[in-house]
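To keep things clear, I will list the structure first and then write my remarks on it.
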Amino acid sequence: MKILVPIKRVVDYNVKVRVKSDNTGVDIANVKMSMNPFDEIAVEEAVRLKEKGVATEVIAVSCGVQQCQETLRTAMAIGADRAILVLTDEELQPLAVAKLLKALVDKEQPGLVILGKQAIDDDCNQTGQMLAALADLPQATFASKVEVADGKANVTREVDGGLETISIDLPAVITTDLRLNEPRYVTLPNIMKAKKKQLDTVKPEDLGVDVKPRLKTLKVTEPAKRSAGVKVPDVATLVQKLKTEAKVI
Amino acid sequence: MTALVIAEHDNKSIKAATLNTVTAAKACGGDVHVLVAGANAGDAAKAAAQIAGVAKVIHADGAQFEHGLAENMTAQVLAIAGSYEHILFPATASGKNIAPRVAAKLDVAQISDIRKVDSPDTFERPIYAGNAIAVVRSSDATKVITVRTTGFDPAAATGGSAAVETVAAAADSGKSRFVGQEIAKSNRPELTAAKIIVSGGRALGSAEKFNEVMTPLADKLGAALGASRAAVDAGYAPNDWQVGQTGKIVAPQLYVAAGISGAIQHLAGMKDSKVIVAINKDPEAPIFSVADYGLEADLFQAMPELLRSV
């Protein structure tokens, strides 16, 4: 069985982004970019399934600009066998990415698609579900445990009150939550080997997908700042202030 | 113009997040209908009909809806989606699971986690872990939306008298099955609905200490317990207590952060709280930049003292 792992190049999670002064977006020029943390977990899970003998091939996919190649090389250094870059300079929204991935699913016929549950830039949490809908596959979102056997996957999901386990027929789409696994560090020899692995480039037109954005961003602003607080010297002062000044207890 | 709210419920009663979503639906203009799809969920449908401002409740009953599987819920929403311009879900684990699936089937963009309705086609939503607010306009005929519940006041749970209309249940997809669940038992208020939250971080050191230091204060204040990702990953607290970009988004009246440094990802989940109290022994901890009241102290001394004085 093949596993397809879509990954996204995003602003590194440690960077505190700044809103541009003309309010057209956030300033990501000269900012460190990395693989979306949830996608690292997705790649790790796919590679572990391969190491267990469940999967035969792991294909990493990324949609976006030329630099996404670096992110794909990272995925191959973790253990993905080959990669596909869907190259476009357009702003991609989840529906467009889901359509691109659907075209690749039709072509590659993977038994499983594993995505991160959300990208930490747009915070959408949509692409996996949308891909499942378009490809008419069952979905298991926010996975914290995945067991594959007999053409089915048993997936434990993180839901609001605790955990829930569902069983889905393969092929299927799974999205990863934080606690699914701990991604491995890539080693230098693996980084070198990843450079030799196959990386194909396709264009949205080749896949017959219209990637025009459906949502127009009118403005991006800074969130309201909290007014500066005070430091209190001791617990007694704190309690007194909470009772008389803030009146919250 | 009519908006459809997909109710979150346990087949007997309506979950609080639905009430906030009704308020957001009203802000879109026009009538508000509520879909209750469940198994023997007649009581939940009746409860939905009581919500102030709801014009109609649509009730679909079938065993396939018992656990809210995305495939079956999507089929039910699609069966009635044609007559609505707005379809709103609470931005809970359940809403986030289903809404994008519905949107993709309708071939429309989905708008995640809105915190304000500017106009029927323009919405505000946080991006980059809440470090920026984007105003987005949808050009699609149907707007499929998830609603950040802390961004909207809850609609009154009583006072309405909507008619309940029963519709045929959509068929079971057969592609997924519910196996089991482990729901954490708690007598405390639900994290996202709590007025006060007492939240602990890595500095607690162990699950025992977490329980020993945090629980009595939460009990005394009638507060919910929260935790940072570090505390959850270390096993000090269950993962449904996690507050942050990838956990729960909360906005209580009072948020007490004990031993939490205040990483961007944690702040994303709690910086809309009315009053934030930080207790941390590191004077440089970023949590102090958002705290209304900061106490620079060892939490193992400060927390018991706090417990005695409130």
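Just so it is clear, glycine is given a Cβ too, placed from its N, Cα and C backbone atoms.
Listed in TrEMBL:
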DOMAIN    B:3-182  domain 'Electron transfer flavoprotein alpha/beta-subunit N-terminal'
BINDING   B:Arg202, B:228-229, B:242-246, B:259-266, B:Asn280  FAD binding site
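In sequence order, B:Gln245 are the binding-site residues among B:Arg202, B:Gln245, B:Ile260, B:Ala263, B:His266 whose C-beta falls under 8 Å from a C-beta of chain A. Here the binding-site residues are B:Gln242, B:Gln245; the one with the fewest Cβ atoms within 10 Å of its Cβ is B:Gln245.
B:His266 (FAD binding site) is surrounded by 27 other CB atoms, counting those within 10 A of its CB over all protein chains shown. Taking the binding-site residues B:Ile260, B:Ala263 in turn and counting surrounding C-beta atoms within 10 angstroms, the largest count is reached at B:Ile260. Sequence-distant neighbours of B:Arg202 (FAD binding site) (same chain, 6+ apart, CB under 8 A from its CB) are B:Ser228, B:Ala230, B:Ala231, B:Ala234, B:Tyr236, B:Gly259, B:Ile260, B:Ser261.
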